[in-house]
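Structure record follows, encoded as structure tokens.
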Ligand code: PMT
């Protein structure tokens, strides 16, 4: 049974990818327990061992505990083929080295990449936690202290060491923290978990409405705003599905992506995902109309004018908001005039919970820009967000959306 005070911890570590580096110290045996503690909290753990660590505990033990192959060598073609070191560095949400010996601390501080573990530290931008473990005289030595201080300044979190009697008989600082304490230090690195357990579905980008095999009607949406929202929601622990119109953007980490072209495709994908969605965000600039007919051959140039009959597309977000159970629905309103009137009209007419109004008459924000500024209307209040990058704005909007959930 889960204890009440373990709930926040479970939320923080659930599905987090932790790379546990083990270097060669007597405390290495405690790392086996650390693997268990992290897994109990829902983390996915992979282990990297230095050559010296393998003198204290076998890779087989750690493999059996973690359920994954243990990585030991930078130059092992078989391991590289399964998951290369750069891939492993990218995989990690956090790297923890426990125990971190004086030697490994010195090598990391020096920027060395002479084995797999130090290479991963250089190659990964993930937060890093070091749990030092060594003889008390080695810990208090000026070189070690300089190395530790330099790494702390570079952003490494230093967990411990504790004081007490040591394996060598000395007494003083140098004992590795207990596995629970290291697990808690790791959990502290993961901040906002406001959307853990939620499925967020986001539409992004434009749609393309074809009228012959080579031409279509579309708009200037780049997808940037929707992709940043996907990244921000995922960062807060949500499972995120991004329904993307034709855009040229990489998929944010951990986000599932469903590529579509037309409003009709986006409508189908949205309705298929709506039953599992807790939150639906319609950031896509969906074409309101599509050509009544798609010619099978390219339309030839003829008269001075060309008329194309358009028919109305389904309103995707309004249809999602009609579902039972209904996800929390957040729309965008791209307006060039009477922002409040048009946006709140859409909030009510489409059955939404929030609407994010975008003044797209301002070229510096909105379509295809890096910045945005919006006003968010609920049925009871208004929140203004001044101009900032779409990445910053997405963080603020996701925080606001999370506060509106039950
Ligand atoms: O992609 P970027 O370049 O980063 O630009 C971001 C953006 C300007 C596209 C974005 O911030 C934005 O404002 N998106 C909504 C654009 C829009 O089409 O708004 P609208 O007022 O026409 O639509 C209102 C709401 O209904 C939107 O949530 C829209 O997704 C939705 N809609 C519209 C039509 C339709 N057939 N189905 C829909 O679901």
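Every residue gets a Cβ built from N, Cα and C, even glycine.
332 is the only one of 332, 367 that TrEMBL places in the CTP site (with 282, 283, 284, 288, 298, 314, 315, 316, 317, 346, 350). Long-range Cβ proximity for residue 315 (CTP binding site), meaning a same-chain Cβ under 8 A and a gap of 6 or more residues, is found for 350. Most other Cβ atoms within 10 A: among the recorded positions 168, 284, 317, that distinction falls to 284. Of the binding-site residues 298, 346, 346 has the largest number of other Cβ atoms within 10 Å of its own Cβ. The binding residues for CTP are recorded as 282, 283, 284, 288, 298, 314, 315, 316, 317, 332, 346, 350; their greatest pairwise CA distance is 37 Å.
Residue 168 (active site, proton donor) falls within neither a helix nor a strand when secondary structure is assigned with DSSP, and so counts as coil. Taking only the Cα positions, the spacing between residue 298 (CTP binding site) and residue 168 (active site, proton donor) is 83 angstrom.
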